[in-house]
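Notes to accompany the following structure.
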């Protein structure tokens, strides 16, 4: 597959998973056409259904005649298909395996905890779900402190694979903080993640694509019919 083949990205402005793909493409300076699915939960384009017939979700990267789906898979593909500097995944084999492990932890455990908070039916269920999400974030705080080695990002001095993976949590956490009144990123428990989130949001590869907290909360209120 030639690097200069046509590149398109099917995404949705509100999707934290689409953000992962857009940040990766920006870091690699890949020129692409962005095809937005404004409300992908209600209506999906024929191109999306054709390009990702199994999961029918964004993002989907179209590279020439190829389609690549699932956000972490897209990020890895972008890193390998455009091997120019900067590298998104670590060069060291152990560091690379570790980054993939924690990225999967985020998608499997942390998002499950987010969903549990949102779907809690009573106060007891909500308290249990909140505790689980707090636990996940405490583990990510510890991971950040070890991975960053005192620098600004999980990847060190620059945004890397685990930064991109973790970024998908920021929007959903902002929404459930607004809805539940519970603060999940706290100075006393996650000081590193708080500073990291500020740096990540302000980065030139992120800022053009990441919705503000206000935009995400407003979208969620409209979606769930919450005043």
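The backbone N, Cα and C atoms fix where each Cβ goes, glycine too.
The feature domain 'GST N-terminal' is assigned by Swiss-Prot to 5-86. What Swiss-Prot records for 15, 16, 43, 44, 57, 58, 70, 71 is glutathione binding site, and it gives similarity to another entry as the kind of evidence. The domain 'GST C-terminal' annotation in Swiss-Prot covers 92-224. The feature phosphothreonine is assigned by Swiss-Prot to 158.
A map of Swiss-Prot features onto the structure.
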residue	record	CB count, 10 Å
15	glutathione binding site	22
16	glutathione binding site	19
43	glutathione binding site	9
44	glutathione binding site	17
57	glutathione binding site	20
58	glutathione binding site	26
70	glutathione binding site	20
71	glutathione binding site	26
158	phosphothreonine	15
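Rounded to a whole value, the Cα-Cα separation of residue 44 (glutathione binding site) and the residue listed as 'phosphothreonine' is 35 Å. Secondary structure of the domain 'GST N-terminal' (5-86) per DSSP, as helix, strand and coil residue counts: 29 helix, 17 strand, 36 coil. Counting in whole angstrom, residue 15 (glutathione binding site) lies 23 from residue 158 (phosphothreonine) by their C-alpha atoms. Separating the Cα atoms of residue 58 (glutathione binding site) and the residue listed as 'phosphothreonine' is a whole-number distance of 26 Å.
In this structure, the CA atom of residue 43 (glutathione binding site) is 36 Å away from the CA atom of the residue listed as 'phosphothreonine'. Spanning the residues 15, 16, 43, 44, 57, 58, 70, 71 that the record associates with binding glutathione, the maximal Cα-Cα distance equals 20 Å. Between the CA atoms of residue 16 (glutathione binding site) and residue 158 (phosphothreonine) there is a gap of 20 Å, rounded to the nearest whole number. Per-class residue totals from DSSP over the domain 'GST C-terminal' (92-224), listed helix then strand then coil: 94 helix, 2 strand, 37 coil.
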